[in-house]
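Participant: The structure that follows is given in the form of structure tokens.
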Amino acid sequence: MISFIFAMDANRLIGKDNDLPWHLPNDLAYFKKITSGHSIIMGRKTFESIGRPLPNRKNIVVTSAPDSEFQGCTVVSSLKDVLDICSGPEECFVIGGAQLYTDLFPYADRLYMTKIHHEFEGDRHFPEFDESNWKLVSSEQGTKDEKNPYDYEFLMYEKKNSSKAGGF
């Protein structure tokens, strides 16, 4: 099963200069809680922005340079490799970047979205998609405070039709 986990602003922005445009510790804690013990799939640039494999997860890096080595990670060179890894019932999490979200969106079964009710400057966006193809399963309002200075909510969607039709 392929799940996406991401945070985006009011304009679907997810990144700026290969980093997050915001600092939201509660979202990082949510990400850790949801993905711990699972496989996480990321593009090369996302791995480089993190700088290391994330603990208690199987880290999988997708890169078009098949000779690349990322210590502590499994390296794959195609979307077919990702689909093979995630073909079973175990939940695999795509964690970025923007191109990987776009390429794998037709295969996504579940979306874990942190929606930040603020507008930021940046250069990477989550792909547009038709929310009518997705069922909102859970919603939790985040707590705005001095460390988390924006209004935000945690949303979880499941694809209504599992035909892999895309949902765009």
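Backbone N, Cα and C atoms are what each Cβ position is placed from, and that goes for glycine too.
Sequence annotations record features per position, and here Swiss-Prot assigns domain 'DHFR' to 1-159. Feature annotation from Swiss-Prot assigns substrate binding site to Ile5, Phe6, Ala7, Asp27, Arg57, Thr114. Feature annotation from Swiss-Prot assigns NADP(+) binding site to 6-7, 14-19, 43-46, 62-65, 95-100; the stated evidence is similarity to another entry.
Explain the structural surroundings of these features, please.
Facilitator: DSSP gives Ala7 (substrate binding site) a strand state.
Ala7 (substrate binding site) is surrounded by 24 other CB atoms, counting those within 10 A of its CB over all protein chains shown.
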Participant: Sorry to bug you, but what's the C-alpha spacing from Gly97 (NADP(+) binding site) to Ile5 (substrate binding site), rounded to the closest Å?
Facilitator: 11
Participant: Of the residues named as substrate binders, Ile5, Phe6, Ala7, Asp27, Arg57, Thr114, how far apart in Å are the Cα atoms of the most distant pair?
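Facilitator: Greatest Cα-Cα span of the listed binding residues: 20 Å.
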Participant: Roughly how many Å separate the Cα of Asp27 (substrate binding site) from that of Leu100 (NADP(+) binding site), to the nearest whole number?
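Facilitator: Leu100 (NADP(+) binding site) has its Cα 21 Å from the Cα of Asp27 (substrate binding site).
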Participant: Tell me, how many other CB atoms lie within 10 A of the CB of Arg57 (substrate binding site), whichever protein chain they belong to?
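Facilitator: Arg57 (substrate binding site): 16 neighbouring Cβ atoms within 10 Å.
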Participant: Around the Cβ of Ala65 (NADP(+) binding site), how many other Cβ atoms lie within 10 Å? Please give the count over every shown protein chain.
Facilitator: 9
Participant: When a 10 Å sphere is centred on the Cβ of Val62 (NADP(+) binding site), how many other Cβ atoms does it contain?
Facilitator: 24
